[in-house]
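Working notes, structure below.
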Amino acid sequence: MTEKTNGVKSSPANNHNHHAPPAIKANGKDDHRTSSRPHSAADDDTSSELQRLADVDAPQQGRSGFRRIVRLVGIIREWANKNFREEEPRPDSFLERFRGPELQTVTTQEGDGKGDKDGEDKGTKKKFELFVLDPAGDWYYCWLFVIAMPVLYNWCLLVARACFSDLQKGYYLVWLVLDYVSDVVYIADLFIRLRTGFLEQGLLVKDTKKLRDNYIHTLQFKLDVASIIPTDLIYFAVDIHSPEVRFNRLLHFARMFEFFDRTETRTNYPNIFRISNLVLYILVIIHWNACIYYAISKSIGFGVDTWVYPNITDPEYGYLAREYIYCLYWSTLTLTTIGETPPPVKDEEYLFVIFDFLIGVLIFATIVGNVGSMISNMNATRAEFQAKIDAVKHYMQFRKVSKGMEAKVIRWFDYLWTNKKTVDEREILKNLPAKLRAEIAINVHLSTLKKVRIFHDCEAGLLVELVLKLRPQVFSPGDYICRKGDIGKEMYIIKEGKLAVVADDGVTQYALLSAGSCFGEISILNIKGSKMGNRRTANIRSLGYSDLFCLSKDDLMEAVTEYPDAKKVLEERGREILMKEGLLDENEVATSMEVDVQEKLGQLETNMETLYTRFGRLLAEYTGAQQKLKQRITVLETKMKQNNEDDYLSDGMNSPELAAADEP
């Protein structure tokens, strides 16, 4: 007697072990877990073949060998089907309904109606389009960071190496490596520029010819080409320790400023970044001025007067670190107009100091002013919030509010500031279009809305309306959100904090509500037959500081006005919830339906009577107007007849026969 196990026949030698598959016994797994695992026909064939071989060798190897083989088959099968068992996370249905299907990227090349005759050429162009960078994308931003590093390196170290010969000669191998690495990055950036898309009529251009023409006809292209001219060949004519021949590399500065601009847009701390950026500019200006001061001192002669750098033959001033720090110190004192430096002696020294003073007055005054403005902007939020607190304090003192209430209000303000809840979301987002505001609101409040039972599977348009109408509210410890018997005008969704359902004494707790819970959603629908009506059935009190989202009844009714089908669905879902909880009076529902029918019939009768009255009035007006019209027509006919008779008599008197008869 043989028995099938997962499609495999067992040998007679193993019939005594037919109650469960050996692999399942060895692993301690249940039979239903193995049977529920998806597997293909190829897996069954493989396992069947291996087990068949095991059955042949079973008399020689025994029961343990067969178990090991079947166990190995189970492991292999589980590994092979691992990827098939893993399901991709499903996209959220709320966002799916709101965003709709994804649009495929359309380029200007695809939209101009020109197709390629050769399929291979078309495929090649498609491959090239894959390498077009979106200037708003992350890859482009990462490349800006890469290219900004060699630009900053050249701007800081080229001038220092050109002025401080010890710096150049002491590490010239390191400088050669860094120089040519930066040159490679510059050349790569030239090709990246040729593959960087731009927007035309709102679409990203990926046509290589358009990209090339758009870049080549700009001034930046000429500067980029000039920055990679191999001026290093001049090394063969002059000394290798002449880094000034590479000053053309400084022309690639635009990339560094572009990186700074995009970082300022992307960062969550723009004020801190702006201040850091200005500090960097100050340091670079001071650094350049220090290098130029050292170069002027070298050209005039070290130690020839009190203004130039001291004689380098003095051991105290003859090493590189002291040279640079001394020049940096002199540059800082001069540019910040602090003074306390030796006065100039020669004319060229006077001119240089005058130029430095102008830079210090104009540029540094501007920079320091910007820093002060940024710091003021950073404190603007705090100042505005403090002004609100002061106004409330003044009001409470004027109205002689108790000290306990005053302390409670101050603690509430402190909680708002500490937890960064002072931001007015509507004021911040008012400059965005409605579509973006709705999408941001959905991303922020999505997890909260999914907790509300009546809003499951509602229309995307209604969901957008409701999301935009959610209003955050913060309650202090001990505050009542609602009291028993109050008319329900809002529903609440708990974002953070804990609420307690308490007795009338305010102390005894019946239940505890935490983040994600919601209440009051049924009362704002005015469902007929509800035993609760539209009144609160419990006292709900905040245990600590609680953040809630509030949706008022008026806002809900305003939103569902344009969605009558959604309103019916919400009411039906509310009735289902009340029926499950035993809070729906079906007799009252039937009675209310009869009352509604009677009311509708009464309204119909009233409307019919009004219609009859209006029709009779219109008919009377029509009859009167018709009589007046007939009278006017009769008058006109009479006048026409009289006029015709007068014309006939006048024509007869003027005829020739009558004239001849009248002659004697």
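Glycine residues also receive a Cβ, built from the backbone N, Cα and C atoms like all the rest.
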TRP143 vs THR267, membrane side identical per Swiss-Prot: yes
Matching range for Swiss-Prot feature annotation, transmembrane segment, among 247-265, 399-417, 532-550, 608-626: 247-265
Spatial neighbours of THR537 (3',5'-cyclic GMP binding site) that are distant in sequence (at least 6 apart) but have CB under 8 A: LYS484
For SER523 (3',5'-cyclic GMP binding site): intrachain residues, at least 6 apart, with Cβ closer than 8 Å: GLY488, MET491, SER530, MET532, GLY533, ASN534, ARG535, ARG536
Non-local residues, at least 6 beyond the ends, that sit with Cβ under 8 Å of the topological domain 'Extracellular' (167-176): 157, 160-161, 240-241, 243, 320, 324
Sequence-remote partners of the topological domain 'Extracellular' (242-246) [C-beta within less than 8 Å, at least six residues beyond its ends]: 154, 158, 161-162, 168, 175, 179, 231-232, 234-235
GLY520, SER523, ARG536, THR537 excluded, remaining Cβ within 8 Å of their centroid (3',5'-cyclic GMP): CYS482, ASP486, GLY488, PHE519, ILE522, MET532, ASN534, ARG535, ALA538
